[in-house]
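Quick look at what Swiss-Prot lists:
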{"type": "BINDING", "residues": "GLY169, ASP170, ARG171, GLN172, THR173, GLY174, LYS175, THR176", "note": "ATP binding site"}
{"type": "SITE", "residues": "SER362", "note": "site 'Required for activity'"}
Amino acid sequence: MSFNIKEISEMIEEQIRNYNKEIVQTEQGTVVSVGDGIALIYGLDNAIMGEFLKFPNNVYGMVLNLEESAVGAIILGDETLIREGDIVKRTNKVVETPVGDALLGRVINALSKPIDNLGPINFTKTRPIERVATSVMARRSVSQPLETGILAIDSAIPIGKGQRELIIGDRQTGKTAIAIDAIINQKNKNVKCIYVAIGQKDSTIVQVVEKLKKYGAMEYTVVVNAGASQPAPLQYLSPYVGVTIAEEWMENGNDVLIIYDDLSKHAVSYRQMSLLLRRPPGREAYPGDVFYLHSRLLERAARVNENYGGGSITALPIIETQAGDISAYIPTNVISITDGQIFLSSELFNQGVRPAVDIGSSVSRVGSAAQIKSIKQVSGTLKLELAQYYELELFAKFGSDLDEATKATLDQGAKIIQMLIQKQHNPLEQVDQAILLLTIKSHLIKWLPVESIYNFKHEILSHFKNDKHAFELRKKLDEQKTFDDQLQQQILKEAQKVVLKITKNINEYKPGTFGNISEYQNLGK
């Protein structure tokens with residue numbers, strides 16, 4: 001066998017020319033222990049907080065504890081595939097999530113993988129799930145209403161775009177129902193919605209998604225599901241995934257509504273992980289930084305100025321209380337972070353007042369700045385009248401000998417409560433809310449028995465949509481979004497016609513028991 005020296009030298013020269021001296025350097029460690037969704041890793045001395053780690057069998061983790069001799073990581077996948085002694089590699093990346101309009105209409109898990117059997121998501125951009133909240137100078141004041149379509153909330157506890165409003169109450173008081181109604185009411189309002197389910201039953205999530213599909217709300221909604229069957233690390237990550245998706249839209253000038261259902265279970269999952277990572281426990285065994293857990297999440301909701309996109313994120317976190325105790329650790333934390341709370345009472349719920357909003361205990365720190373003028377004009381005395389009613393109701397139980405003024409206050413309060421009762425998934429437009437509130441403010445409902453109020457609501461809304469003259473007045477109010485004296489009188493006259501129509505159909509109706517007879521005779525004139 002003969003060798004051509006020239007050919008060999010050419011081959012060697014070619015290889016020298018194409019030699020790539022780049023060295024790929026990877027840092028790796030070893031799993032010391034694994035269990036309960038936590039891995040302790042030795043050897044990753046340069047790992048950073050929140051870094052993505054790669055385990056064998058395509059399982060990933062995230063650094064959550066940095067100790068002198070080891071790194072504590074949460075496992076974002078099947079921990080049964082990991083063994084002691086396995087090699088763990090750094091990725092030099094933090095946890096990221098896909099963002100953009102491709103997610104609309106989809107149900108994803110906390111790792112942003114689709115779980116709705118509708119195929120892969122064609123995303124073009126990702127963002128890290130942890131980032132500093134929008135700075136003070138980048139924000140705008142909250143001045144635009146985010147309509148929930150729920151009369152009790154939009155009138156007495158208004159929510160503005162960019163606000164954080166807590167929904168708090170015992171289990172089975174309608175917290176999720178309010179959140180779902182708020183999403184359904186955003187149809188055709190150019191608001192994108194995100195529903196983050198934390199520790200919920202999978203059957204509950206299926207029902208939520210079916211409701212959203214039924215009312216055409218899934219087309220502008222993303223559902224992030226970290227259900228009760230998911231490990232604690234995924235439940236911990238899910239709200240941050242949700243708000244990261246929202247931030248992309250906010251920076252592109254969109255308004256976003258995000259629901260966290262619920263942050264009580266989020267705190268429990270974080271407590272579980274912290275105890276397993278051997279962090280020192282504090283009050284109720286929660287770690288010392290549980291306040292920061294929620295504050296850094298909720299502070300990312302904002303309304304930004306035009307230089308930063310001009311969009312907004314409105315957050316409605318949900319907290320579940322035990323026997324109405326809002327002074328527990330997590331409820332007080334979240335109350336102090338948010339811009340107000342909607343308190344749901346199990347007592348009201350059991351009395352049939354639904355939504356069971358306790359208006360006396362609820363507050364919106366943004367207030368009337370987040371209301372259109374027409375609603376602001378007619379809802380001013382609502383909270384006061386209800387407060388007087390609840391105060392007098394307690395005294396009325398002790399004696400039946402009441403003066404006329406007290407009877408009138410009790411009667412008006414009972415009728416207001418009936419006016420605020422609303423069927424689920426039946427949102428009201430702002431113009432319809434303004435008309436209903438006008439009938440309350442003008443004391444027009446005093447002519448009706450309490451049991452006729454629900455029928456009155458249906459009749460008056462129907463009248464202003466079907467009667468030609470009334471419809472024109474409704475349209476005018478919708479356009480100018482404020483009551484002038486003439487329009488107010490014209491709308492009241494139409495409302496009086498509805499009252500007369502109902503009272504004529506009541507057997508043995510005696511107007512004298514409700515007010516001055518001559519005043520009743522002038523209705524509709």
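Even glycines carry a Cβ here, placed using N, Cα and C.
The number of other Cβ atoms within 10 Å of the Cβ belonging to GLY174 (ATP binding site), over all protein chains shown, comes to 20. Summarising the environment of ASP170 (ATP binding site), the number of other Cβ atoms within 10 Å of its Cβ, over all protein chains shown, is 18. In this structure, the CA atom of GLN172 (ATP binding site) is 18 Å away from the CA atom of SER362 (site 'Required for activity').
Rounded to a whole number, the C-alpha distance linking THR176 (ATP binding site) with SER362 (site 'Required for activity') is 17 angstrom.
Across the recorded positions listed here (THR173, SER362), the residue whose Cβ sits among the most other Cβ atoms within 10 Å is THR173. The ATP site, placed at the center of the C-beta atoms of GLY169, ASP170, ARG171, GLN172, THR173, GLY174, LYS175, THR176, has further neighbours from the same chain whose C-beta lies within 8 angstroms: GLU320, LEU344, SER346, PHE349, ALA356. Of all the binding-site residues listed (ARG171, LYS175), ARG171 has the fewest other CB atoms within 10 A of its CB. Note: GLY169 (ATP binding site) has non-local neighbours LYS175, GLU320, THR321, GLY324, PHE343, LEU344, SER345, SER346, ALA356, i.e. same-chain residues 6+ apart with C-beta under 8 A of its own C-beta. When the Cα atoms are compared, GLY174 (ATP binding site) and SER362 (site 'Required for activity') turn out to be 15 Å apart. It is 17 Å from the Cα atom of ARG171 (ATP binding site) to that of SER362 (site 'Required for activity').
Between ASP170 (ATP binding site) and SER362 (site 'Required for activity'), the C-alpha separation comes to 14 Å. The two recorded residues SER362 (site 'Required for activity') and THR173 (ATP binding site) have their Cα atoms spaced 15 Å from each other. For GLN172 (ATP binding site), the Cβ neighbour count at a 10 Å cut-off comes to 12, with all displayed protein chains included. Secondary structure from DSSP puts GLY169 (ATP binding site) in a beta strand.
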